[in-house]
Structures are given as structure tokens and as C-alpha cells.
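Worksheet for the structure shown next.
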Amino acid sequence: MMKLEISGLSFSYGERQVLEDISFGVAEGEFVSLLGPSGCGKSTVLKLLTGILSPDRGRILVDGEEIRGLSSHFAYMPQNDLLFPWKTILDNVCLYGRIHGSLEEMRERAREYFPVFGLEGYEDSYPASLSGGMRQRAAFLRTALCSADILLLDEPFGALDVITRGEMQDWLLAMRKELGKTVVLVTHDMDEAIYLSDRILILNTAPAGIHGEISVCETQRDRDWLYGQGELRREIHGRIMGKERKGNAAL
Amino acid sequence: MKQTSERLMPAFFILGLLVLWEGAVRIFGIPLYVLPSPVQVAETLVQELPVLALHARVTVAEALAGVAISLVLALALGVLMDCFPMIRQGLYPVLVVTQTVPMIVLAPIFIIYMGFGAAPKILTVVLMCFFPVAVSFSDGLSQVDAEYVHLVRSYGAGQWKTYCLVKIPAAVPALLSGLKVAATYSISGAVVGEWIGSQEGLGYYLLRVKNGYMLDKVFACVAVIIFLSLCMNGLIRLYQYLGMPYLRKQR
């Protein structure tokens, strides 16, 4: 059984149809990317999963059970770090505990993670005094501390410069194993999708449908490996442009 | 260097004006009942300080009560208007209209309704202070980034927690800028209320000495009103500095 299963999901903003008949599944512990050009409705998929929006049609299943509205299975991380400027980093990352009345307990747990997330010594700082990469790591820690088993990352590094983004991707790759959570990443960055994910689902422009999927082989992932993936890039680009046939491929 | 000179500029300017004023009064021999000189005002101020302090206590108490009531009302109404757009649409224009009615007309009416005690003065303060506080708070609430709201909602926060965790804290800086304006007005509001009818307070003192053509005392009293108004403004700034360390300039 799939951890997450989505079938026939459709959504429109008023007259404008954004998603049409989206179906896919994600296995337990898998890292899946939704890749597509800006404005194709990738983020809308995540908003439907978190329950911020509700679909016109279609079903969302987690562990075989249908989800409607807000669900504690999902932890959502938006593109902007959305740290509260009036809260310290420690209190920011403990947002979930604050909402669910387990603040003290979560503070203890969060403190243990600060060194791993490269935030040691910044527990009592305010977000404005942190660099973009650190803020993003704090936002990621906040997401990871949710009791959710599926992380939904919406272009988490989109607002960072190229160098910091690269560092954060390496770091996320390393963190993945430690957290052991199922991840759905939304991105428009082909390299990011290839580098981070097990499987890439390609969406093209609205109303978005899935234009096939691509499995990425499990190898020693590093930057050199990434730059050797020319064929994969061409394949993905072809599918985004809609020139290639629909279907699945493993490269 | 530049900063110090910028800070000293207003002081030099005011000092220059005072010297000019003093010189004009001496050279042209302007009598006290037309225009007292700054030195005369200062002397009177020192002499009258015990009496002024007694009256000031009454005025400050009325002003503080008025600001406090305004704050509570503005908070409640701000949240209500934000929750229910109907209330906002209906009430906002009414709020604006209340500000166009001259206070000097309303104050005597309040005395007819409420007698000569502190109540009509406090109400005058409330009418002057409520508007800037309510409008700035309500605007602050409506400008909160929807993404923040989505985030805490996706973490499972209900309506009430969303207000406590995101909306109200995010609107506090706007609220404080309204409160700064209101606090500065509050002393003048109380003075207007007292001027119309009372047995104590700076407004009452002002009316008495004006009727006696003791212009040095009038000016001394005005100096006290200016000082107190600045203090009220300073009080809010102090709260902002101490209560919101994240707003201080970072490093």
C-alpha cells in the first residue's frame, strides 16, 4: 500500500482550471518531486494536501484512509521561511508544540536538533539576525518537528542564492536519512529535482496534468554525479515542453 | 558625528526661537498680559509647580483611563471587524464620521449627560484616542500576510489561536503607531474636557488663569501639557523598545 495516494484530483480558482485529474502515489519514506514551470499549479497540489484549499473532485488517501480538510499527517513548509519576527528561533521552531499545548516538551526536543541544523547558539536570537540559509534551516526544523509523517516542501530553497541553495540541498540530502519521513517536494528547478528525489513527477502548464514520471537511480549523489545527468535533463525538458510521449521512464 | 549634530539641530532651533522671543519682549517692552517672556514663564513654572502638579495628576489620570479604554475597545472592535467583514463595512464609515464632529461641541453635551465628574473628560479622551488606535490596528490586522495564516492553520490552529499566534502579534507594530498618536492627543483631550466644566485638572487651571489675564501662568501650563504629552508618547516608545526587542535595529 502506498503511504500517500492521490486520485483524480481537480481544482479551479473560479473559472480558471488549475489542476485536472491528477493522480499519483508516494511510497513510505520516498522522496518525490513535483516538477513543472512556474504557475502550473504545483503549489496548489500541496495546498490541497494541507487542507488550505479543498479540491473540486478527487480523493486524497494516507495509509489507505481518505483525508478531508486539515490533517495531522502533513507538515507544510512554504517557499518563504515565514518565521515570526517577534518570536525567538527556539519559539519559532516549536510552533507546532505551541499550538498543540506541548511547548515545554517540544523545546527540549528542539534543543537537541539545533546543532544538527547548524543553529546552535541562536536559540534566543530573532529571525532578523539570521542569514537566509539559517532561516530556511530553522523553518525546516519547524516543519520536521511536527508530528506529521509526510513533509510537503514548497520550493523551500527558491528564495536563496545559488551557493546557499546548493549547500541547503546537500544538507537536506544528508538530513533525509536521519528524519526518515516521506517527502513531497515542489520545485521548478530541474537539477534540484534530480539531485534530491527518488522519483520526479512532471507537470506541465495549467490545467496541469502529470506528464509522466521519471525514477532517479539510487547512486552516490554528489555534485559531480548531478552534472553527469545530461540525458535525464534532456528527457525532463522534452516532457515539460510536451514534445515527448507520455509515460514512465527510469534513467 | 552626523548623528549627534542631527539630534542637536532641533534643540538649537528651539533655543534660537526662545532667544528671539525673549529679546523681542524686552526690546519692545511687551506687557505680561499680552506676551510673557520665556524667562518669566520659566520663573512662574517653578513657582506654580506644586499647584500645576496637583492639577496635572488629575489630567494624567483621565488621559490614562481614556487611552486604556480606547485600547481595549480598539482591540475588541479590530478583531470583530476583521472576523466579520459585514461589521467592518458598516462600522468603518461611522468611525470616520465621529472624527469629523468637533470635540468642543461634544464635550459640553457629555457634561449634560454625565455630570461634572471625571466621566465626561474620560469620554472626550476616548473619542479622540479611539479612532487612531482602532484604525491602525484594524489596518494592521487586514495586512497580515495570508501565508502566515495558512501556515498556522495547516498546523492545526483554530480561529482563536490564529489570532493569538499570528494576527494580533503581527498587527502590534501598527497598533503601536496608532497608540503613539493617541497617547500624544490624550492629554489635550482631557484638557478640552476639563475646560468645558470642572473643578480640577490642567484644563480648569488654564481657564482660570486665562480669565485672569495671567498669561505667564497660561504659558507655564501649556509647557506642562506639552511635557506630559511627550511623556505619554515616550511611554509607548519605551514599551515598544522593551516589549519588542525584535524591532530594534539588528547588529
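Any Cβ shown, glycine's included, is placed from N, Cα and C.
Annotations in TrEMBL come from automatic prediction, not curation.
Annotation source TrEMBL lists domain 'ABC transmembrane type-1' at B:56-236.
Residues annotated as transmembrane segment in TrEMBL: B:12-34 (among others).
Taken from TrEMBL, the feature transmembrane segment applies to B:54-80 (among others). Below 8 angstroms of C-beta separation, residues 87, 91, 118, 121-126, 128-130, 133-134, 137-138, 140-141, 163, 168, 171, 175, 178-179, 182-183, 186-187, 189-191, 193-194, 200-205, 224, 228, 232 of the same chain, each at least six residues beyond the ends of the transmembrane segment (B:54-80), sit close to that stretch.
Under 8 Å from some Cβ of the transmembrane segment (B:92-116) lie the Cβ atoms of residues 81, 123-124, 127-128, 131, 134-135, 138, 189, 192-193, 195-199, all in the same chain and six or more residues away from its ends. The transmembrane segment annotation in TrEMBL covers B:92-116 (among others).
The transmembrane segment annotation in TrEMBL covers B:122-141 (among others). Counting same-chain residues at least six beyond the ends of the transmembrane segment (B:122-141), those with a Cβ under 8 angstroms from any Cβ of the stretch are 62-63, 65-67, 69-71, 73-75, 77-79, 81-82, 88, 92, 95, 98-99, 103, 106-107, 110, 114, 167-168, 170-175, 177-179, 181-183, 185-186, 188-190, 192-193.
Under the heading transmembrane segment, TrEMBL lists B:218-239 (among others).
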